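S.K.: Quick paste of what TrEMBL says about this protein:
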- 233-299: domain 'Cupin type-2' (DOMAIN)
Amino acid sequence: MNMQSTPASALAKELKAHTGRFTDKKFDWDAFPSNRGFPELERAQMRYIGSGGSPKEGDTTTLKPDNFTVSLIYKEPGKYAACHSHEIEESFLIINGALVVGWEKDGEVVEVNLGPKDMILNAREIGHGFRVDGVEPVLMSISVDVGKPLPPVYHYHPKEHAPELARSFGAEPGKTLPFDPEGDHPLQQLMSQYVVRHADLPTIWEDAGFTRKVYVGEGGIDYDTCRKEMWGVPAGVAVKPYTRAVEDAFLVLEGSLTVGWEQDGEQVEVELGPRDLVKTPAGRAHWFRNNSAAPAAVWHVIGTAADDGVSYEKA
Ligand SMILES: [Fe+2]
């Protein structure tokens, strides 16, 4: 039961308006009009920040994007996404299940199998598709590193190509190569620069008492738009307020995290559970603490690739 004896302040209302609750949202099974009529392409999207690759706009439960979008995608075994490309980069962070991602060039495809907490950053203009070959559905978080991307350009859509060719992202039989960072095919070499294995990333222990794994940024994939990090916040850990020159977002994957805002001496906070998100606008002092007994795993997206000079201090 939530009791509130005093009316919410403007700051409290603003924090609430920047919070995306999993339970307030719905998966949209018609987010991608180009999939209509193709049951093998079915997927559902839940939009948190912006509309991502979907043309659906005006969704009032979705936060306005600045430098990046965040959504969840759900896909069932046997389904795939046709090979396409974008003018910007787009990351897939696996939350549950195993996802095969293929990159295509000149009829050759390299396929990588990603597991929970692995990520791929799909490079600009690279043909990419994905497929669920595993036994369980895939849930992943997709971020596009621009507020409003152009519509995708399809390379091998089943509308125009044989179903087998579309399902293999454009590779004829024998033209699919496995992901291999040691491989000498240029596409294998290129893809290896954009795949992040959670277990291979160094774990950075901050003096403030929590961990960071840098997926995109210094030490991870070197890219020029947004930083992306996986944080581990042990029970009881809290940091002092800090401010960035760009927006950032916390998406809780496991456990719970309390995020607070501060303005003119007033403090407000919200507790996030799994699949809840807070977007903090540029210039707003904010902090976090884990007020629960269990550690939290948190996906953190920061709207710039530049070092914004933020350091984290134990509260
Ligand atoms: Fe894409």
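A Cβ is built for glycine as well, from the same backbone N, Cα and C atoms used for every other residue.
Any TrEMBL annotation is an automated prediction that lacks curation.
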S.K.: Count up the helix, strand and coil residues in the domain 'Cupin type-2' (233-299) according to DSSP, in that order.
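M.R.: Going by DSSP assignments, the domain 'Cupin type-2' (233-299) contains 0 helix, 38 strand, 29 coil.
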S.K.: Would you mind giving the whole-number mean pLDDT across the domain 'Cupin type-2' (233-299)?
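M.R.: Across the residues of the domain 'Cupin type-2' (233-299) the model's pLDDT averages 97 on the 0 to 100 scale.
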